Amino acid sequence: MPALRVDDLTKSYGQTLALDDLSFEVRKGEVFGFLGPNGAGKSTTINVLLDFIRPTAGRVEVLGRDAQAHSRDIRSRTGVLPEGYRTYDRLTARQHLEFAIESKAADDDSEALLERVGLADAIDKKAGGYSKGMSQRLMLAMALVGEPDLLILDEPSTGLDPNGAREMREIVREENARGATVFFSSHSMEQVEAVCDRVGILRNGEMVAVDSVEGLRNSISGGTTLRVTVDRIDNEAVQAVRSLSDVSTVTVGSEQPPTITAQVEGSKTAVLTALEDHGVDVRDFSTDEASLEDVFQSYTTGTEVHAR
Amino acid sequence: MSTDIGSGTGSDATTIEVGADAAAGGSSSSSINPASVRAVAKKDFRDSIRSWMFWGLSVFFFTLLVATTGAISYFGDDIAAQGQTTEALVAMVNGITRLVIPLIALILGWKAIAGERESGSIKILLSLPHSRKDVLLGKLIGRAAVLSVSLIVGFVLAALVVVALLGSFDIVDYGGLLVMSIIYGLAYTSIAVAVSSLTRSTTIAGAGMFGIFVLFYILWDTMLVAFMTLMNSGYLPEGETSAQVALFFNSLDPGVAYQNVLSLATSMPEMDQQTVQILENTFGSVPFYLQDWFAFVILLAWIVVPIAIALFRFDRVDL
């Protein structure tokens, strides 16, 4: 049984189609990164999972139960960090936690949870004075109440500094190790690639790719980019490089200093050797691997992206 | 039950079908869980009790009672002579609370749901295992508790002064006014929370509250006057039925019901003999809707009906 199953989910607002026949599954026990640019439909999908909004068509199952008919059961086993929420200004962090603990009939310790998210020093301060990052930590603590089977985190890094984002990912790893499935939405690949087992990329309400991080990395062509700075451009040398079996494209930059850029699948030394065999002096070279950010860009903008 | 969600063709038709489906199922997600209601009510009460509003209200009710008592003890020698001081206090205070409690309840309930939807804090409530019905009922109880507790604090503190100032203190009359005021406040809180649940804009909710205010403070009486005028000038058939309709309509006003119901809980006379005589001459007997037990039913209906409509509807909307 998958932790989450979305079947042909469509949601339209009048003429606007927010989700278009969206289907995907999240396996039990995995960390799933739900990626897409702002406005792609990530929050709409999550709102359907939580029964905040009703689908126009399609079916959603969370933890094996229908998301609409059994929403209360689902939410009692799920921890949620929603997007676009606002904390209760007049309640303290402790009172927020107490409310979540009472609501879930759990027996967690508010202080321990707030300590875990790094908010222990503001425990009795009213949330009205919190920064965005502090609110985000508070909501994460509330999501952890009751050791949920599923964590749904909508843009959890919003408002967090790099250090806070790393702590948040650390908590995601810990929760996953405990056995929780994590569904994690983000508009930035950087936030998810370090923790996610699999990634789904959403664009204009449609899933354009679902794969492991490794699979996505391999899915774009070119492998490694080799950039060689040479003393001069020699056409024969360039032809020789082009004819190598491991090299796909070669471009020549004629500005000073002249550079030759090649997409290489296999051995990079073969390229350097070919150049030197033709009397070209190699001054410097650098390599770049395709980053996941590039993969994400290529899927979400539709433009062809080469490795840097 | 839910498997046919995707089977609709038109998007509009499907949305309706889905809504009806979710409700008709009587499923766990649209049920009412008392523990959830309590948790939401407690949170809502805590969220508002710290505000100046609660203490302001308590002080207001205290002052109202003490000032009225002071006026009676200073000017009301005749009342005191007849030993009807608590009764007079109840009548005078009731005249003011009838107008003030609705305003307070509408202001307290205005943002109950719309405010949380507008700001997004409702996502915190509904990320936890509460149904939407739990949230509505919890809000109603939480907001009503703010008004009720401030009424109780004001009344209890004022009682000390009232006992000292008034020659005779009738605790049943005094308590009766308090209890009926709480019920009256609950009715208007129910109206306010229901209206607040219809929209996610606090501006529209505010306009709704103003509409309710105008309806019960101005329109209701105006309609009655218009009806009478039309009847008297012959545009409507003058007679028993028309009079019955007018009186019945009048008795539906929650403020009228609040005033009438006091005779049930206090020693205030239900109706003077003259009125009873006129009514008996006209209708043969006093119509049921002019009796104080019916006024109580009306008040209860003003609690139940608005929140029931909201419970039904709020389950069907996108947040």
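A Cβ is built for glycine as well, from the same backbone N, Cα and C atoms used for every other residue.
Where the annotation comes from TrEMBL, it is an automatic prediction and has not been curated.
What TrEMBL records for B:52-76 (among others) is transmembrane segment.
Here TrEMBL flags B:88-110 (among others) as transmembrane segment.
If you look up TrEMBL, you'll see B:140-168 (among others) marked as transmembrane segment.
Annotated transmembrane segment per TrEMBL: B:174-195 (among others), in sequence order. Beyond the ends of the transmembrane segment (B:174-195), by six or more residues, the same chain brings 86, 89-90, 93-94, 97-98, 101-102, 104-106, 108-110, 112-113, 136, 139-140, 143-144, 147-148, 151-152, 155, 159, 162, 205, 208-209, 212, 254, 258, 261-262, 264-266, 299-300, 302-304, 306-307, 309-310 to within a C-beta distance below 8 angstroms of the stretch.
Sequence-distant contacts of the transmembrane segment (B:207-230), counting only residues of its own chain at least 6 positions beyond either end whose CB sits under 8 Å from a CB of the stretch, comprise 99, 102-103, 106-107, 109-110, 191-192, 195-196, 198-199, 236, 242, 245-246, 249-250, 253-255. Marked as transmembrane segment by TrEMBL: B:207-230 (among others).
Here TrEMBL flags B:293-314 (among others) as transmembrane segment. Residues 23, 113, 132-133, 136-137, 140, 180, 183-184, 186-188, 190-191, 193-195, 197-198, 251-252, 254, 256-261, 264 of the same chain, all 6+ positions outside the transmembrane segment (B:293-314), place their C-beta atoms under 8 angstroms from a C-beta of that stretch.
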